[in-house]
Amino acid sequence: MLFRKHSPAVLRHVILLVAVVLFFGPFLWMLLTSFKSSEEALAFPPTFLPRQWELSNYTDIFTVAPFGLYFFNSTVVAIATTAGQIVTSLAAGFAFSRLKFKGKNIVFVVLLAALLVPFEVVFTPLITLLSSLHWLNSYQGLIVPNIPSILGTFLFRQFFTSFPSEIEDASRVDGAGVWRRMWSVVTPMATPMIGSFAVLSFVYNWNNFFFQFLVASRTEFFTVSVGLTQLQSANASQSFNLLMAGSTLAILPVFIVFIIFQKQIVSAMAGGLR
């Protein structure tokens, strides 16, 4: 009787435990492998804990490849693209929410429909365009095409739609134009949404491997994710432990951002569903 009473809770905890193991297990294995020697990393049967903790792997990764440059490039691309997405998404979301213009709803529906189009469908003409502009292997090529964000436009539009219009109406009576209402009245009140979207945008742009792989073919413009693939193809069998160390460093900024700002991430997604 007692077992039947508590069985739903036990089953729920077992399912959660299995989910945690499946989710964090690969990350834990990657972290432990990053401290192993090159021989132990490829040994069979594999060891769980390193026999000897090779802390030098995290310094060696910067000598076998210019990981400092890769991190710099990833940081520049992620921060610049995030800033551009915030500005353009905020302005577009405000326009779709507050302004009245012909065909507004049709344009918004078309934008949402574009979210369903996979990137693989459009990357060929996009790369052709970037090549004609001589933007391949450049920071502008890595940043500018990703600045327009349909998801960001949608999230800000939903936020502004649920936003009370009384304060904005008062500023309109005082003679404030559209730009002043948006930047001086509405934007300061949208700070929580801006922070939430900034976190989502940074994580996405830090991990935007496929696009960065297509645009950057020269080492000086490699991001962390692209640099890891080059390390893998060049020294896969000799430096698997270094590859795991590099992968750990690559996800570390995203992991820290997610842990610190997980409430903002949930808030942004919940706001978009309203």
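Each Cβ is built from the backbone N, Cα and C atoms, and glycine gets one as well.
Since the structure is predicted, the reported quantities are computational estimates derived from the model, not experimental observations.
As recorded in TrEMBL, the features of this protein are as follows:
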DOMAIN    71-261  domain 'ABC transmembrane type-1'
TRANSMEM  67-94  transmembrane segment
TRANSMEM  106-130  transmembrane segment
TRANSMEM  142-160  transmembrane segment
TRANSMEM  181-203  transmembrane segment
TRANSMEM  240-261  transmembrane segment
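If you look at the transmembrane segment (142-160), the same-chain residues 6 or more away from its ends with a CB under 8 A from one of its CBs are 73, 77, 80-81, 84-86, 88-90, 92-94, 96-98, 108, 111-112, 114-115, 126, 130, 135, 186, 190, 193, 197, 200-201, 205, 208, 211-212, 215-216, 221, 223, 268, 271-274. Here the transmembrane segment (106-130) has Cβ contacts under 8 Å with residues 96, 136, 141, 145, 150-151, 153-154, 157, 210-211, 214-215 of the same chain, all six or more residues outside its ends.
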